[in-house]
Structures are given as C-alpha cells and as structure tokens.
Amino acid sequence: MAAPMAAAVARGLRWAFRAASAGPPSRRAEKQARMVRGRPDQPAEPKVLRIAIIGAPNAGKSTLSNQLLGRKVFPVSKKVHTTRCKARGVITHEDTQLIILDTPGLTSPMKAKRHKLEAAMLTDPWDSMKHADLVLVLVDVSDHWTRNSLSLEVLKCLSQFLHIPSVLVLNKVDLLKKKIILLGLINELTEGIVNGKKLKVRSEFEYNSSSPAKTVLKVTQTPPPESRARESPCQLETDKAQEGSSLDNSSDVKASESSLDTEAREQKPYKYGDQKNRKGWPHFQDIFMLAALNGEEVDTLKQYLLMQAKPGPWEFHSRVLTSQSPHEICDNIIREKILEYLPLEVPYGVTQVTELWEEGPSGELIIVQNLVVPRKSHKLMLIGRRGALISRIAQEAGQDLMNIFLCDIRLKLKVEVKS
C-alpha cells in the first residue's frame, strides 16, 4: 500500500461508513445509503467538477481513481475489464467537490463478446461523458504495442464530445527506462498541438555516477508568431528521478540534449469519419505525466482538477467517498481477486450471488457468496488443490473489505456449477 493510501486509511477519511462507525454493520450500511441518496450539505459558495476518466482497458483508470480518492474504492487487477460498470468517487476539499466517473475501459463489441461482458460495458463510458465537465484520457506508456496511438474507441468518444475539455494523462512513466520516448509519444498523441498551439518539446538529461539519473521534460506551447510579443508561453515542467537508470550503458555520460520542434501545420476540422487515419487528438488542453500505482505526480493532477472546478451545487454529502452500495463494493473486491488468480478467460464466466449478509453475534459482518461457474473444470480451478485457492481469495478479499468497512468481516465463498 502506498504511503498516501496508508495515511488515508489511518485517518479514516470522510466516508459514510466511517461516519457511522459507532453502530453495527447493518446500521452503518443504511446510514451510508441515506447519505448517498439524501440532500448534500452545501458550503456558502460551492464549486464542483465532474471528471470522466477514459482509456483503453487496463490503462490504470481505477488505480488513478483510488489514488485521487486516497483510499481503495474501485477494484484493480492486471487483467482487462476489471471495472464492469460506472461508479462515482467523491473528493470533497474545503468548498470544492470533485466527482470522479470511473468507467469500464472503452472496448469494441467484438471484444466485449469474447470476454462475456455486459451490454453496459459498451455504453457506460459514453453515458459518463454526457455528465462530465472534464475528461482525462489515460494512456499506458509502458505498453509498447498501444502507446503510440489512441484507440479508435477513444477517438470516437472524444470526437462525439468535442465540447468537453480533455486532458492527456501519460501513466506508468516510472516503467520507462528511456524517458526520451515520451517526447515522441507526446507529439504523436497530441498531433503536435496542445490548447490550440504548436508544441516545442525539449528534453535535458544529466547523469552523475554518484546520484540517480534525472530527467527533465519541458513541454512549451508556442503561440503564433504574431502573438508571441504579447503572450508568454505556457510551460509544463515535470521532474522525474529514477534510481539506477541512465540513457545508455555507459557510466560516464555527462549530458545529452535532444529537442523536438513541431513544424507549423494547418489544423483541419475533426470529422467523425477521420478516426481510422488518426493516431492522436489535437484538442487536449493540458498534459500530465505520472505513475498512478505509486502516487508519483498524482497530487499535482489533483490540485489541477481542484482549480478547474466551477461554481455549482454539490451532488454528495461531504462525508461520502463513493456512490457504490456496500454490496457492490463487496462484489467488486471479490471479483478483483478472482481475476487475479484464474487464468485466461475463465474469470469472466463467473457469476456472483450473495446468499447471506448479516450482522454476527459480536458485531462482525457475515457475508456468504456463491460463485457460479459454467463448467466443472472451472470449479476445480477456482477451488484449487485441497481448497487452497478459494481460501486465499476469501482471505485476501476479507482483509480488503475489513479495511473498507472498518469492521470485522467473516467471508465465506462457495463454488458451484451452473445447472
């Protein structure tokens, strides 16, 4: 667990389950539900920003959402399509409320059929965009197969909602050994234009044998020649340090400088049918580079989002952290573990049925869930040798639920074949 998350758990944050911690689990769940449905408390001058996070499956959308919230609320897995439906996370800071619309990864109908995904997996990202004030487009820069272009589904979504401001977020930059790769990615994914201006991207590298390598990336928005005299460039600067890395295998590298100056180009109106011929999006208003898993530069993005909020009423009580019900959170956490431990396409065929949800004699929350699989072979895989795997899934999911609900959890999982 990252340090910011651990500290957030220790503080309890502002979540409805924490607010109702004096009562038994059933009463806490009821109070949380009332807070989500009820009228929110409002400051004198409230501000709000609804943020849709979109991107290809497994780009790190839920991980980024959890880091922004300061606590694990959304399921996270290395497998694609961990998030199966849209959910809202709520950040309330002073007079400002950020509403994060965590959505399933944008996918095609063919891929949805292959992974046995619900119809909502195709429509939820689009529905979230309808309610968004700002969209974050997340790209996994560690995936060399997909990082050089935005997916067709992402481009379709952006072109459909051209009026909504968009921000490019390059994720997992800590996994890149050569940060110079980011220069080309930025140019390709933005088509050399950010906030309506040409980009001039410059990178400076310094290496000292007694200290880690340091990479400084500067992205300067260059105004048109006629306006340069009266307009100062808007500069985004990110410092990244990565221990033990360098530009090449030589240890006596002192300095290397590379620059990329994007030539002026005529910006054509974006048409819906142009996606197949495009790799990037020339309408991003800003760029961020971060590592969501360990929290690097996430707070910088969070402060930026708080500054983008506009006057408007809050949608949730200040003590609410998510719109999900306790049952939905439980299902998501268990599914996360199933995705982690089952191979290939097997976990996508598992159906979860909660058979028992009640308060125990000592105030603990007792949960019994039945996992229904389509084949006997899947049942044997899920149970594991002598029940080792299903026990491990129950133990890890129970520990996560204990951290979320802030009470003792007794979780029992059963497996049966669909009749």
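The backbone N, Cα and C atoms fix where each Cβ goes, and this holds for glycine too.
It is 55-62, from the ranges 55-62, 111-118, 191-198, 359-366, that TrEMBL records as region 'G1'. Annotated by TrEMBL as region 'G3', the relevant range among 94-97, 102-105 is 102-105.
Regional average pLDDT for the region 'G3' (102-105) in the model is 64. Look at the region 'G4' (171-174): DSSP puts its residues at 2 helix, 1 strand, 1 coil.
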